[in-house]
């Protein structure tokens with residue numbers, strides 16, 4: 001992919017972040033909504049093929065103009081129909097603890113789930129109203145997951161990810177087990193952007209974009 005017009009290998013990470021965030025927020029809401037649905041379809045197909053039902057995965061709740069932020073139900077609620085999901089909790093030192101949620105089981109038995117099949121009925125793991133378990137887990141919990149879905153502003157062709165600069169996900173990804181897929185959700189033009197690698201940076205193993213679908217970087 002040709003780098004976006006105006007990009008230079010000498011562009012700093014902060015400048016790249018500013019440019020990419022501006023591009024996201026300037027995208028019309030209807031266009032983002034259509035893109036988010038395509039991103040979800042591609043992510044769902046990847047998960048069905050790669051991760052066993054009932055497994056634990058780490059994910060996040062997209063916000064603002066992030067890919068997936070317009071989804072209804074939101075991304076974590078879609079995932080908890082099939083998986084136990086760990087959501088990040090930012091600690092004072094910028095590390096990430098985790099909150100365990102799902103499976104929610106709030107849909108009526110036989111209803112279509114966001115994964116395209118019949119949803120499981122019944123109460124959630126807390127046995128009341130189908131609610132989440134909301135169990136707080138230590139940072140090391142991410143070392144036991146079967147897949148990780150991460151946010152990002154850009155990913156290079158060799159898998160280097162540009163985040164928001166806090167280093168939280170690089171610390172978390174250092175704990176992920178060998179061979180576990182780590183997938184970033186991006187806009188189409190955010191994949192293939194050169195990202196300077198630093199010693200603490202952790203690569204992703206794949207990306208999902210609305211136009212390309214799932215792209216493996218292994």
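Each residue, glycine too, has its Cβ placed from N, Cα and C.
Because TrEMBL annotations are produced automatically, they should be read as predictions rather than curated entries.
According to TrEMBL, the features are:
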type	residues	note
REGION	105-136	region 'Disordered'
COMPBIAS	118-130	compositional bias 'Gly residues'
BINDING	161, 162, 163, 164, 165, 166, 167, 168, 169	ATP binding site
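Feature annotations (TrEMBL) mapped to structure.
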residue: 161; record: ATP binding site; CB count, 10 Å: 24
residue: 163; record: ATP binding site; CB count, 10 Å: 20
residue: 165; record: ATP binding site; CB count, 10 Å: 10
residue: 167; record: ATP binding site; CB count, 10 Å: 15
residue: 169; record: ATP binding site; CB count, 10 Å: 25
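In three-state terms derived from DSSP, residue 163 (ATP binding site) belongs to neither a helical nor a strand segment and is classed as coil. DSSP assigns residue 169 (ATP binding site) to a helical segment in the three-state reduction. Of the chain residues outside the ATP site list 161, 162, 163, 164, 165, 166, 167, 168, 169, 152, 170 have their Cβ within 8 Å of the site's Cβ mean position.
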